[in-house]
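> Sharing a structure, written as structure tokens. Questions coming.
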Amino acid sequence: MIQALLVIICLAVFPHQGSSIILESGNVNDYEVVYPQKVPALLKGGVQNPQPETKYEDTMRYEFQVNGEPVVLHLERNKGLFSEDYTETHYAPDGREITTSPPVQDHCYYHGYIQNEADSSAVISACDGLKGHFEHQGETYFIEPLKISNSEAHAIYKDENVENEDETPEICGVTETTWESDESIEKTSQLTNTPEQDRYLQDKKYIEFYVIVDNRMYRYYNNDKPAIKIRVYEMINAVNTKFRPLKIHIALIGLEIWSNKDKFEVKPAASVTLKSFGEWRETVLLPRKRNDNAQLLTGIDFNGNTVGRAYIGSLCKTNESVAIVQDYNRRISLVASTMTHELGHNLGIHHDKASCICIPGPCIMLKKRTAPAFQFSSCSIREYREYLLRDRPQCILNKPLSTDIVSPPICGNYFVEVGEECDCGSPQACQSACCNAATCQFKGAETECRVAKDDCDLPELCTGQSAECPTDSLQRNGHPCQNNQGYCYNRTCPTLTNQCITLLGPHFTVSPKGCFDLNMRGDDGSFCGMEDGTKIPCAAKDVKCGRLYCTEKNTMSCLIPPNPDGIMAEPGTKCGDGMVCSKGQCVDVQTAY
């Protein structure tokens, strides 16, 4: 039988109540003081409950007053906070990797709610007093112990009463140029789901989450690994709560501290660091420790006001299921909000627009924030559901705890169970290129999962280790294409003939060289470039990289496609054997790229 405790917290007269005080979260200018006193619940007959075998109870209740009104805070231990095979890694001074599997299941991190308030929630650490936050009557309150010798005093305060370390809004570094219009999103959301899609959306999703702490952050906290661990645990407990409305469970599968040095160069340019981190996860981390998503917590100050960056709609992709977050504030709630925001991007969620709302605010996916965020907006929930149905990411369907699986595995139910490597639904519904829908096993390595679109594309092959087809890759620039009529350039195969057909139609082709020799004149109609408004004539070797000339088939004309500024040969166009156009010159293809 699970033991329950009733703890009465009495509001006491405190000499500094309501004045400014320095807490772990920062300077707080208005607060209430309470003194928790544990009172064990009694069994029938007045007999006291026996002490539990574990250090921390599975459930607890706390009664106290907020603004003079009594409330009861119900807490349940977050049993799924750590994955069953959770590990911790740090490095010796000589660079030797040290990995352990510490006993973390008897932990002190809780979720909860205010009794008789349907929409309330709470995130509490009970390791050393009560620390965290709870929602009460639509407002968020924070609680933490006061550092007073031989005292059980705690402070309760609101976010608005904390003096910000920096008034500058925190900014997500994700730049979005592919926002759908409101109209297109609305049309998509109005489509009727099939029963199978509805079941898939309702199934609980699981993300095995790996956190890396870089060397700057390690040194900032005075090389104190236990303190860093507690900070990360509290963050993940908060992140876990924020994703519950989306039916996603976040389980920490690993924590790694770069205690000797960074494993790649962490730079102030967030986009560069994100790319490096994704490559490190793909080539170094995944071969030694499985995970669905990884985040880098860093002590570096990113350029501008950026505090985080992530790829959009990239969950389960080996080099893109990552995000980077700056540990920019002592307040755990702020950094945890950024971690949640960036993981939201990985789950296909864009930044909220002005029309997106959530209660209480601010919304998690706002691009700029100065306060902790606790709720996803209706826009975010809709985009997440659309991402699930569109991309069907496989890695979030397997439960991290094998003990939770009690029913026999069924191939085709979208749930990765014992004996299965993947599950993409029925063969008719499966949209995974590297999962065998009939066997629920990964397709073998070298199985083609994406055909080459043309000469300048490359086919993609399954890895045999994932249900996802690898990221689309291209032929290198300069690779011959279209029967040696051109050379690949940024996915295309530019040729003078194709340029004429595109501009004038299928009855046209490129003109003979005699027409291009006119480009040596450098007049209004024929030139290779411009400098300070003056047209520059072409050198003899560069004439095919200047003004474009086309000829109607079965004629001898030299036509210039109509354009006031002239149509020039496109960059990368073949201008001779082993030669391509670059900035109005015909250069060797080997040196051009």
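Cβ coordinates are placed from backbone N, Cα and C, and glycine is handled just like the others.
So Swiss-Prot says this about it:
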type: ACT_SITE; residues: Glu342; note: active site
type: BINDING; residues: Glu208, Asp292, Cys395, Asn398; note: Ca(2+) 1 binding site
type: BINDING; residues: His341, His345, His351; note: Zn(2+) binding site
type: BINDING; residues: Ile410, Asn413, Phe415, Glu417, Glu420, Asp423; note: Ca(2+) 2 binding site
type: BINDING; residues: Asp457, Leu458, Glu460, Asp472; note: Ca(2+) 3 binding site
type: DISULFID; residues: Cys316-Cys395; note: disulfide bond
type: DISULFID; residues: Cys356-Cys379; note: disulfide bond
type: DISULFID; residues: Cys358-Cys363; note: disulfide bond
type: DISULFID; residues: Cys424-Cys430; note: disulfide bond
type: DISULFID; residues: Cys434-Cys440; note: disulfide bond
type: DISULFID; residues: Cys449-Cys469; note: disulfide bond
type: DISULFID; residues: Cys456-Cys488; note: disulfide bond
type: DISULFID; residues: Cys481-Cys493; note: disulfide bond
type: DISULFID; residues: Cys500-Cys550; note: disulfide bond
type: DISULFID; residues: Cys515-Cys558; note: disulfide bond
type: DISULFID; residues: Cys528-Cys538; note: disulfide bond
type: DISULFID; residues: Cys575-Cys586; note: disulfide bond
type: DOMAIN; residues: 205-400; note: domain 'Peptidase M12B'
type: CARBOHYD; residues: Asn319; note: N-linked glycosylation site
type: CARBOHYD; residues: Asn490; note: N-linked glycosylation site
type: SIGNAL; residues: 1-20; note: signal peptide
> State the three-class DSSP label for Glu460 (Ca(2+) 3 binding site), counting H, G and I as helix, E and B as strand, and everything else as coil.
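DSSP assigns Glu460 (Ca(2+) 3 binding site) to strand.
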> What count of other C-beta atoms do you get within 10 angstroms of the C-beta of His351 (Zn(2+) binding site), across all chains shown?
21
> Please identify, from the recorded positions Cys316, Cys430, Leu458, Cys528, Cys586, the residue with the sparsest Cβ neighbourhood, meaning fewest other Cβ atoms within 10 angstroms.
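Relative to the other recorded positions in Cys316, Cys430, Leu458, Cys528, Cys586, Leu458 has the fewest Cβ atoms within 10 Å.
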> What Cα-Cα separation, expressed in whole Å, is found between Cys449 (disulfide bond) and Asp457 (Ca(2+) 3 binding site)?
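Here the two Cα atoms lie 13 Å apart.
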> Quick one: average pLDDT across the domain 'Peptidase M12B' (205-400), no decimals.
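When the pLDDT values over the domain 'Peptidase M12B' (205-400) are averaged, the result is 93.
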> When you measure from the Cβ of Cys575 (disulfide bond), how many other Cβ atoms are you left with inside 10 Å?
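I get 24 for this one.
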> Tell me which residues of the chain lie with their Cβ under 8 angstroms from that of His345 (Zn(2+) binding site), as long as they are six or more apart in sequence?
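When sequence neighbours closer than 6 are ignored, His345 (Zn(2+) binding site) has Cys172, Val174, Ala310, Tyr311, Ile312, Gly313, Ala323 within Cβ distance under 8 Å.
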> Across all the protein chains here, work out how many other Cβ atoms are within 10 Å of the Cβ of the residue listed as 'active site'.
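Taking every protein chain into account, the count is 24.
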